[in-house]
């Protein structure tokens, strides 16, 4: 069987069975990664372009490693030295990529819909590696894969996402991904960082962390960008940490252990205490490791690989 | 050019002033309507058989962007004025957001000269209310009036300082001039690109809340009432604004308001494809808002339908949604969209609908009421209510093609426009 989508633009477009297909493939590739020589020839001869319009080390690297593990050629389109600086539009860039006959494009942009725009103009497959505050589907797939390794039944699961929901593409993709698998999702943060109507995407809103923290199995802490303070969205880091920080004291009060996730990069001492990250309940580094396997699964599926193959 | 003597036969005259539909022939001699009636003697005359068509006074658009001077690559006075005729508009008010702005007599004279040379729709310049549309100092409105402006406005850059707005309203009284206000509290719209709500949240696009419009509508109504000045509120898009205007009119506050076809025919869901042809300011709102706008047109809360025709190059629009400029062209589609959404869907009868495009905008500008009568210069739009047509790129008269209605089947088509002894056929 082939994957039924040409592109991966967001979790919004995926059905539950699409998600399970990717998780299944991820499992196979996760085993590949543990081999002494972690490479398969699945995408030999394919060329993928990494088109990152925003600085990103981990996601760009994760896609590059995923492509190499599949024996694909991956080319990093370096924005700083490119004609984008000279005023070239995304459409021009798309047409140029098309002319060079590549098989797939991975795009990261600060603008929501950039991946959709590219997909409309390209025959090559497009993977959204984050578009503004819209979606970051491979991060969400990596998050649910990581959870699936620890907890088998999603319908019994309660997930809490804490922090700046308004500006977070991870939050939007996570809410969709977890709820499509049947988990209950709650979000928590100051109302100034919770966008209007978010509850209608499948989550419940809480303003006070301690009330909801004791009821969930998984907590996803989001990065708080310090610039948000300057526009008045929260009064100080000190107060933010007091209200929404995942501190050791706060977690020690809980009766049961929580799985702690963070999409990175972490603001230590703001949304997450360093002491918390090193506990066995933190799966932050597993998320990163699984991220490579998820991206292998996505690239493989979109490049036309058999999605029911055994690894 | 028409012959000296022509007869229009078989049409139905829509008179929005007398509120009458009459099946009559019209005899025009040297551009003047000589006789309205039946069975004229027809020697040496040209006969135009317009059976099945309606004849109305030429439409007036209170809100057009013609881009000249400054952005002749997007539109010129000539191309815009021709697009206007294709949409049935024989008079258009051009907004002052040109480069340079219409804040001095030179630009006003230039526009009047260009439109006379073009010879299509008459262009009525709207002057900048403040110098450079910067919202700080009143422009030389007296000089602008002498040069020929019909209203003042800072267009898309609302006068956000209420003290300045008060001064503008007061000063405009010298010339009995309407002040056209684009109501938007920029601090609340905060670089938003679409309506704020569940859709903007899902798409991760920054939202423009309805209160950004409604709160300034309220403020400007209070200022207009306090100063007893003429305020016309541009492109109403929200239910909340409608409710405030309705309240004001019930209280007897004398204001007028307009909306545009896209605010009652399109909704925010259309942004879901990230197609920037749906990016417009004010943004497309919810179904509830669109419904409230239609009801407001029906009960007279909103007086006028204007286009907010805003041409942009394809290269400017074919970018990420965040980066695209706001606005859509609208002159050529306005009539058909309104005809389908308001007349065929029974919010307005044909006469009242035509009034929103003719005598209501004329009242805002205090122009002679557009009526079809003997002795008047012909200024007529002829439309076929049954014609179905598809708005396609190939037939667009505007220099730009940024319309969300491309490919849509439209009902009701402008077939001819007659101005004096000039006939334009579409």
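Easy rule for this one: first residue shown is 1, then count along the chain.
Cβ atoms are placed via backbone N, Cα and C, with glycine included.
TrEMBL labels come from automatic prediction, so no person has curated them.
TrEMBL has this to say about the protein:
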BINDING   A:58, A:59, A:108, A:136, A:139, A:264, A:265  carbamoyl phosphate binding site
BINDING   A:86, A:169, A:223  L-aspartate binding site
DOMAIN    A:6-148  domain 'Aspartate/ornithine carbamoyltransferase carbamoyl-P binding'
DOMAIN    A:156-301  domain 'Aspartate/ornithine carbamoyltransferase Asp/Orn-binding'
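Features per TrEMBL, on structure.
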residue : record                           : CB count, 10 Å
A:58    : carbamoyl phosphate binding site : 14
A:59    : carbamoyl phosphate binding site : 22
A:108   : carbamoyl phosphate binding site : 24
A:136   : carbamoyl phosphate binding site : 28
A:139   : carbamoyl phosphate binding site : 25
A:169   : L-aspartate binding site         : 23
A:223   : L-aspartate binding site         : 19
A:264   : carbamoyl phosphate binding site : 16
A:265   : carbamoyl phosphate binding site : 10
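Applying an under-8 Å Cβ distance to chain B, the binding-site residues A:108, A:169, A:264, A:265 reduce to A:169. Over the domain 'Aspartate/ornithine carbamoyltransferase Asp/Orn-binding' (A:156-301) the predicted model carries a mean pLDDT of 93. The distance from the Cα of residue A:169 (L-aspartate binding site) to the Cα of residue A:108 (carbamoyl phosphate binding site) comes to 11 Å. Considering only the binding-site residues A:58, A:139, A:265, the residues lying within 10 A of residue A:223 (L-aspartate binding site) on a C-alpha to C-alpha basis are A:265. The DSSP secondary structure for residue A:108 (carbamoyl phosphate binding site) is strand. Using the Cβ center of A:58, A:59, A:108, A:136, A:139, A:264, A:265 for carbamoyl phosphate, the list of other same-chain residues with Cβ within 8 Å runs, in sequence order, A:56, A:62, A:129, A:130, A:170, A:263.
Put simply, the two farthest-apart Cα atoms among A:58, A:59, A:108, A:136, A:139, A:264, A:265, the recorded binders of carbamoyl phosphate, are 16 Å from each other.
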